[in-house]
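Novice: Pulled from TrEMBL, these are the listed features:
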type    : residues                            : note
DOMAIN  : 12-331                              : domain 'Class II Histidinyl-tRNA synthetase (HisRS)-like catalytic core'
BINDING : ASP82, MET83, THR84, GLN124, GLU128 : L-histidine binding site
Amino acid sequence: MNEQYWLLPEHLSDLLPQKARAFEQLRRKILDVFFLHGFEFVQPPLLEYETSLKVFQAPDLEKRTMKLVDQLSGLTMGLRADMTSQIMRIDAHLLNRAETRLCYAGPVVHARPADALSERELFQMGAEIYGCESIEADILLIKLAKEALHLCGIHDVRIHICDPGIVRQILSGPIPDPRFTKDVEETIYTYLQNKNRTDLSAFLDILSQMAFEEMSADVKELFPLRKQALLGLLGLFGNREVIQKAREVLPAVFYPQEILASLDKVCDYFDDVYIDLSDVGSYAYHSGLSFSLYALGWRSALVQGGRYDGAGKAFGRYRHATGFSLNLKSLIDVHTMEKTKAIRADFTHDKTLHEYIQQLREAGNIVIEVFPNSTETYENFVFVSKIVKKNGTWCLEDF
């Protein structure tokens, strides 16, 4: 036999019976929790025109999108690497000017893995709220994400929150500085994300020496305060006390009152919250509060989410939006999964037995009919009883 028949492409794998069963059980349970919170299920296609998928994607997802040519139209299609833009399109088609709650579950494929240990086919599940700008929508989604992780057996969850809007406010307000071009802002974001105080300070010193004729005195006077605020962010990480420290450290002219008030509300609702005000890793994607859920023993975030207001403008309507997603395939722990309980029956041609088995299955029992002379051990199941005939009647007996 040709060995190539056995090979799978790198970073792709099968879900074998026990793991596939755990996967399907968790998928159903998580969707049921979404339904109980009033979220409506939608299922977009796996393939779309590339232009639709590019409406709202993080730069790294653009690189991970596989492309192919549509044989019918000749246009370029993309194999989705993320479902957020598709859900946004569906919300736009619904033309609901009020609040919309949507949930989804489906495979996504990456042209390149996120890292050496990641798969290229993920199963993305998530929930989105459109048309609500209050922080309560974000709190509900964090609560929902925690419930989903609890269903997967993950209970020691830590919530990381940040808001790239703070950095945007420092860079742009109250008076724009022409020295802060897009490239300059990208450099500042990089230094902040890497917690590189030395290089950030040196870069801002060089920037301060630049001058343009059209610059007003007010702009020049604000620069030292901008520098103070940006460098101050690097020390604003930790528990809830960070919020009060930010009120003391950040210059009044750049004081993000509404943002800090929203972070306070999140801390009121959840206990184990970690705040990092210099975390701008999602600045290109999120417009406001962003959150990640971590757990002890896991190498990366299990859930990622946040606010992306205004993203629906490409579809002709501005919508407040917030949501989260997780990769269900990465959350399955086969080693903690109990074997499935089942009932054993001998395969016969007795119609009365078939009727009895059907009754058991309709009641939700798993009945495995064992073929004559079978040596199968059914190692993924544990038989708790067997069907026997007593006094002419079929009944259950402990196995």
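Positions of Cβ are set from backbone N, Cα and C atoms, glycine also.
Note: TrEMBL annotation is automatic and uncurated.
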Novice: Pick from ASP82, GLU128: which of these binding-site residues has the biggest number of other Cβ atoms within 10 Å of its Cβ?
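Specialist: Result for the most crowded candidate: GLU128.
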Novice: If the L-histidine binders are ASP82, MET83, THR84, GLN124, GLU128 per the record, what's the largest distance between their Cα atoms, in Å?
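Specialist: Site span for L-histidine, by Cα atoms: 13 Å.
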Novice: Can you list the residues of the same chain, besides ASP82, MET83, THR84, GLN124, GLU128, whose Cβ falls within 8 Å of the L-histidine site's Cβ centroid?
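Specialist: Here the nearby residues are SER85, GLN86, ILE87, TYR104, VAL108, GLY126, GLY323, SER325.
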Novice: Among the binding-site residues THR84, GLN124, which residue has its Cβ surrounded by the fewest other Cβ atoms within 10 Å?
Specialist: GLN124
Novice: Return one of helix, strand or coil for GLU128 (L-histidine binding site), based on DSSP.
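Specialist: Strand, per DSSP.
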Novice: For THR84 (L-histidine binding site), just give me the three-state DSSP call.
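Specialist: It is helical.
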